[in-house]
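Q: Quick paste of what TrEMBL says about this protein:
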COMPBIAS  537-562  compositional bias 'Polar residues'
REGION    532-562  region 'Disordered'
REPEAT    48-84  repeat 'WD'
REPEAT    420-451  repeat 'WD'
REPEAT    669-700  repeat 'WD'
Amino acid sequence: MQANLAFTAIAANDDPNAFVVSNSGTVVFGAGVFVGLWNPAHGRLRTLKGHTDLVTCVYVHDGDERQTIEFIVSGSADKSLRLWRNRGEDWESKQLSALSKATVNSVTGISCGDVTLIASSSSDGIIVVWKLVNATGEVTMMQQLPMETRFALCLAFVRLPESRACLLLSGNTDSRIHVFLQKDNHQFVPITTLQGHMDWIRSLAVSHPIYDFASSSSSSSSAAPYILIASAGQDRYIRTWKLAPVKGSESQASTVETDPTADVDLNDLMLNALAEAELDDSGIQLSTKAHVFDVPGKDGIPLWFSIVLDSVLVSHDDWIYSVQWHPVVIDPENNDPVQPLKLISASADKTIIVWAPTDGGIWLGETRLSATGPAGEYPIGFHAARMLNDGKKMVASAHKGAVYVWEKTDDGFWELGTPVSGHFSSVESVSWTPNGAYFLTTSHDQTTRVFAPCTTDGAPTSWHEIGRPQVHGYDINCVAVTAQGRFVSGADEKVLRVFECPEQFEQRVEVLAGRAQVEDLTELAESVDQPALGLSNKAQSSSEGARRQVTSVRPPNEEQLSQKTLWPEVNKLYGHGYEISAVAASHDGKLVASASKAAKREHASIRLWSTDSWHEIEPPLEAHTLTVTYIEFSPDDRWILACGRDRAWSLFQREGDGFNVVKLHVYHDKAHTRVIWRCSWSWDGKLFGTASRDKSIRIWCRSSVSDSSKGLLTTVKCDQPVTAIAFSLNKHLVFAAGFENGDLSLYNGDHQHSGFTVTLLHRIPSALTHAAMVHHIAWRPSSKINELTKGMSDDESSEEFVSVSEDRSVRLFEFIHKREK
C-alpha cells in the first residue's frame, strides 16, 4: 500500500527576501517553516521541510541549462541556513554551521566557476561569506564581516565587467549601501559606502552587464559594458547607481578630480566625495560624486571602476520592500543575453510599478498594478514582486500571505491568474461536505476557506482554494458542515455562527470539477458584504430577475477570493460563556453539538442545537470537568462521543426516534494519563479510538462499555504524543493518526482469536508530512471512492484524507491499498 501527497495549501511568509523566481519559472518562497516551490505553469505546490521556525530568506541557484534549480539556500528565524540540493524527485538537505545568534535576514549568492559564493546577514549585525563547491556540495565559512549596530537587511553580489573580481553590497539600517571588494586572498574588504537614502534600505537588485553602444562603435566587442544597481528603502525612493569602467581621459574628466594613475589614497578621495554630497530642497541626496576603486587586471595593470548615482525614481507613497530588474532575455540573432531596461518595484502603498526609461533617460512608471483586500474594503500592501523570464507573467506576495499572479494578454493588459494560496497561521479544523465535493478549513488567521478539485480547460485535476466564506475578527477554532452548502464555526468568542452558500455556488463547484457544463450555469447578481465595524456577513442582492450568463469558469484569483466569495451568515447561536473549543454535526444534519473552553464542570457542558429552528435543546450534556477538545457523532447518529483536557472521554446515547433526549451513558475519567486531543468512530459505530498526549492510541468497544467495564480493546504505544485520529469511512478498520511533531501514520485494526490487534500499515515519509502538531484529520466521504478508483486494477482501492496542522499547511493524501477478498 502507499499514501501519496495529492495537494498542499499554505500561504507565503511576509518577508520580502523570502520570495524569488528561478530562471525555470519556479516561484521559491518561505511558507511558514517550509521552503515552498510552485510553478504557475502546472500549479502544483511542493514544500521542503527542515527549518524549525519561519523561513525569512531564500536564494536560488539555477543549473547550467537554466531549466532546473541546482540548489537553494534558505535562512530562517531559527538562526540557521540550510542548503537544499536538487536530486530529481528528492531534495538533499543539510544545515550550514550555525554561526548566527539571531534571525537570518538575507541571503544571496554568485557563481564563480566551480564554486559559488554565498553571503548571509542576520539581525545580530554579522555578514557571513561562505564558499560552496558545486560538484560536492561542500560548504566552508570564508569570512565574517561584523556590521556592529548597522544591521544588513539585504545583500547582493556584483560581478565587475571585464574582470574576475566581485563586489558584495549590503543595504543597512544606517541608510547606506556598504560596498566590499574581494581581494586576491578571497577576503572581502570595505572600500566605500553609497549615501543618499534617508531610511532603512530594504532591497538591492543588480542588472546583467549592459552595453553602451552610444559611447562606442556599433559592435558589441568594443562597446563599454556597465551595470545598474537599484536600491530601495523605507524613504519611498528608488535609486539607481551606475557601475562602469573608468579609462584614460574619462577618468580625468570624472567628478572625482584626480588622475587614477597617480599615487594617491583612494579612500581619502572617497571620503572627500562623500563629505561634499549635497541635498536638494526636498532633502533627497542628489550627489553625483563618483566612487572610484581599482582591481587587479591582466599583466598587473589595474582596472579602474566608478560607482555614481544614475537616477532617483519617485512615485511610491510608502515603504518600498523590493526591486527587481527584468529577467535577461536571449537575443535570437547571436544567442547573447540582453538586459531589458525595466525595473519592477513593490511597495506598502499597495502598488507594483514597472519602470522604464524614456528616450531622454527619465525613468517613468509604464505599468502600475494594485489589488484589493478582504471584502473589497481596502487595497493591500505588497512585499515582493517578481517578473518571470518570458516577461509575460508576474507574481507578487502581499499582506497576510496572499500571492498574486498576473498574465500579460496579447493586447498588453495584465490580468489576474490563479494563485497558490492557503492559511498564514495555525490551521485548526477541517470538515468535508456530505457528498465529498469539497472541504472547509478554519485557522487562527481568522478565515474559513473552501478547497475543491478543478479540471477546467482540459487540464489534469488539481485542487484549489475556491472560496473564503468567513473572514472574522477572532481566531477560528472549529468548523462542522451540517448540510451541503451550510456550516457552523466556532471562534475565540462565545458565539457559534451559521453560514449558507450563495445561490449557484454548488453548481460552480460541479462545473470546476468537470461534472457539469458551464453553459448550464447562470448567476444571480448578488454579493455578500461585511460591515466595516461588524463580524456578520450580509447578502446584498439585486432584483431576482437580474441574472447573467456565465461563459467560463476558472479557479478564482486572489482578488476574487478576498472580495467575492463570502457566504451570508444566517444565524448566531448563543449560550456558551467562554471561547468555543469544539463543534460537531450529526450525519443527518439535524443536530449540532458544541463546547467551550472551561476550567470548571459547569462550563464544560456540551450544548445541543436543532438545525430546524436553531434553538438550543436543553438541558446541556454534563460530564467533563475541563475543556472538551473534540466531539463526534456515531455513524447512525445515536451516540455522541466527546473527549477533553480532563483526560476523560464521555459517551451520550440518544433515546427513542427523536433527538430531544440524550443521556450520559458512561463517563470514563481514567481513559488516559494526559489530555485526550481527539476521538473517532469506526465506520460501523461499534468501535471508537482516542488519541492522547500520553503517547498512546486506545481502541474501545462501544457495546462493552459500561460503568463497570470500560470496553478497552487495545493500547497502541507511540513514540510521540498523538494529537489526531480518524477512522476511514470505508468498510474496514483502517485509521490515520497524527502526532505532535507533524508525522502521520496509517494503522489497521483486526479482530483475532486472541483479541483485537492493531498493526502499522504505513508511515508516511517525513518529507511529505507536517512540521508541527497535527490538529485534525478528516477522510473524504465514501461517495467519491468510485471516482478515485478509475484506472486502477480490480484488486486496488483508493481513499483520501485531509490533515491540518499548526505549521499552517493543509495536506490532502491519497491512500491506495489492496481490496479485501
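Here the Cβ of each residue, glycine as well, is placed from N, Cα and C on the backbone.
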Q: Where else in the chain does the repeat 'WD' (48-84) make close Cβ contacts, counting only residues six or more beyond its ends and a cut-off under 8 Å?
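A: Same-chain residues near the repeat 'WD' (48-84) but 6 or more away: 13, 15, 17-24, 26, 28-37, 91-96, 98, 100-109, 111, 116, 118, 120, 122, 130, 132, 134, 137, 139, 766-767, 769, 771.
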Q: Take the repeat 'WD' (48-84) and count its residues per DSSP category (helix H/G/I, strand E/B, coil), listing them in that order.
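A: Secondary-structure composition of the repeat 'WD' (48-84): 0 helix, 21 strand, 16 coil.
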Q: State the non-local partners of the repeat 'WD' (420-451) in its own chain: residues 6+ outside its ends, Cβ under 8 Å from one of its Cβ atoms.
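A: Sequence-distant neighbours of the repeat 'WD' (420-451): 7-13, 27, 31, 36, 38, 43, 45, 400-403, 463-481, 483-485, 487, 489, 491, 499, 506, 509-510, 513, 558, 561, 565, 585, 587, 589, 775-784, 802-810, 812.
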Q: For the repeat 'WD' (420-451), what does DSSP give as the number of helix, strand and coil residues?
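A: For the repeat 'WD' (420-451), the helix, strand and coil counts are 0 helix, 16 strand, 16 coil.
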Q: Average pLDDT across the repeat 'WD' (669-700)?
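A: Summarising the repeat 'WD' (669-700) by its mean pLDDT gives 95.
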